[in-house]
Amino acid sequence: MQTRSSRMAGFGHAVPARCVDNAEIEASLGLEAGWIERRTGIRSRYWAEAGDTLSGLAERAGRMALEDAKINADDIALTLLATSTPDHLLPPSAPLLAHRLGLTRSGAIDLAGACSGFLYALTLADGFVRTYGRAVLVVAANILSRRINPAERASAVLFADAAGAVVLTPCPEVKRGVLSADLVADGSGYDLIQIAAGGSSQPFSAGMIAEDALMTMRDGREVFSRAVALMTNTSQRVLHEAELTAADISRFVPHQANARMSDAVCGNLGIEREKTVRTIGSFGNSSAATIPLSLSITNAERPLAGGETLLLTAAGAGMTGGAVVYRV
């Protein structure tokens, strides 16, 4: 029998200093003015500069969340870092993050779940809090600008750098936290979005072409249609499992991949547009970081109140994806 749940006790986010507007990218790709915003909803995004690191970006977001939660560092028992762009292939970046934040009693691991990584981390964190009654720091962060192929329009116009963080703490009210979750994978779309080189299947080599170390989106339309279907279907299942309808959702926080994608999923679910949290216009697509960044921003604009019901959903490379209903 459940005796506790989890509570979102603190939020944080961080972006690099450099803001890149559409005009700069449109000029480099030979696109007409306004092309990017019309097709993606993005007006600007943030890209890392020479001294920026993934762990540094994650640290800023994590510290903000810890301060917001007003929690002692010794109370954090686990640190989960969802990222596709760690500082190094080995070791993982999460132990360094925990060290810099002074989390001396925390375990720490990286999770590589692409754009849906935060949902996986959040679901695992909620289970840990319920089982062990100890707090968890969840951070999602990416520096995607260093993996963009500047000549490939599909990825060059979308991707951004950012970090978002949430602190989960134990809560005695069992009807809070994750009410339902549906995490899925479809490996038939494994190569739709990829960085070919760097793994054990294709290690870095002296004769490697530069593009193999950069992100490639093989078929943008296929990615769009699969992602919309995946996010719609998983969202419908978690609503059904939680015995809720779209009308019961207080805020809908989808992965900020593309404004048209969010609109399509929102329409499929029958969720009112004003309930949808949108940050893609100013921050672009930072993969797993978009949902916690959006949570931090919406909480700053209008604090999340106890009892609010959130619907979170994402889809990304792999393909991986899912949806979560979370009661604040």
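Placed from the backbone N, Cα and C atoms, the Cβ positions cover glycine too.
Swiss-Prot lists region 'ACP-binding' for one of the ranges 176-180, 256-260, 286-290, 301-305, namely 256-260. Reduced to three states, the DSSP call for His255 (active site) is coil.
According to its DSSP assignment, Cys115 (active site) is helical. Summarising model confidence by region, the region 'ACP-binding' (256-260) averages a pLDDT of 96. Cβ crowding, taken as the number of other Cβ atoms within 10 Å, peaks at His255 among the active-site residues His255, Asn285.
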